[in-house]
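Asker: Can you keep this structure in mind? I'll have questions shortly.
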Amino acid sequence: MATAMYLEHYLDSIENLPCELQRNFQLMRELDQRTEDKKAEIDILAAEYISTVKTLSSAQRVEHLQKIQSAYSKCKEYSDDKVQLAMQTYEMVDKHIRRLDADLARFEADLKDRMDGSDFESTGARSLKKGRSQKEKRSSRGRGRRTSEEDTPKKKKHKSGSEFTDSILSVHPSDVLDMPVDPNEPTYCLCHQVSYGEMIGCDNPDCPIEWFHFACVDLTTKPKGKWFCPRCVQEKRKKK
């Protein structure tokens, strides 16, 4: 029930994602078109300048070159806007992916705890059944063949149920949630895994890893001031 409710909430949270992505992609296409139009305008202005440069006065040359420079500046502005929009789009999708990764990790841990608890209860139940069965055997001695035959199906039924329970409990939670990983998704941290949950960046600009999961570096909250990863701290000590 809780899983179904979570799925419903998660689907609600990404309901507007396709529309937002479509809007951003449309804006990027428009910026592309504006850039191409500006580049065509620059080509025309450059051709005009080259063909008339000998007949233009100094003031006219400066004015013409300023038009070309202005067109170049506008073209760069469109390109910068497109890059910024692409980064926003990536962050928007990555936010949902990181949330899903974190929720899946919590769900897997919760599932493992529940199955461990079920395994403990099942072991106790089997011990109780075994003791009860031995007691029934002692009390049924001398009752005759008919009583013994009537007990046989019940014993088989208990055995079958126990085997079924064992087969369920033998399934590892990670097998249930085992999903293929995108080979193109970048990996981070000392664990070389994809980004998920809370992460912190190393303040060493030359750090080869850059980003780390809180749990992998024994953090629960973001520390104040600059923070350096264990590898960079160790390298710094070696240099001393």
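Placement of Cβ uses the backbone N, Cα and C atoms for every residue, glycine included.
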Asker: Considering the residues S118, S127, S133, S162, which is the one that Swiss-Prot annotates as phosphoserine?
Answerer: S118
Asker: Restricting to the same chain and to sequence separations of six or more, state which residues have a Cβ under 8 Å from that of Y188 (site 'Histone H3K4me3 binding').
Answerer: V194, S195, M199, I209, E210, W211, F212, H213
Asker: When a 10 Å sphere is centred on the Cβ of W211 (site 'Histone H3K4me3 binding'), how many other Cβ atoms does it contain?
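Answerer: The Cβ of W211 (site 'Histone H3K4me3 binding') has 15 Cβ neighbours within 10 Å.
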Asker: Going by DSSP, give the three-state secondary structure for Y188 (site 'Histone H3K4me3 binding').
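Answerer: DSSP assigns Y188 (site 'Histone H3K4me3 binding') to strand.
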Asker: Taking the Cβ of D203 (site 'Histone H3K4me3 binding') as the centre, how many other Cβ atoms fall within a 10 Å radius?
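Answerer: So the number of other Cβ atoms within 10 Å of D203 (site 'Histone H3K4me3 binding') is 12.
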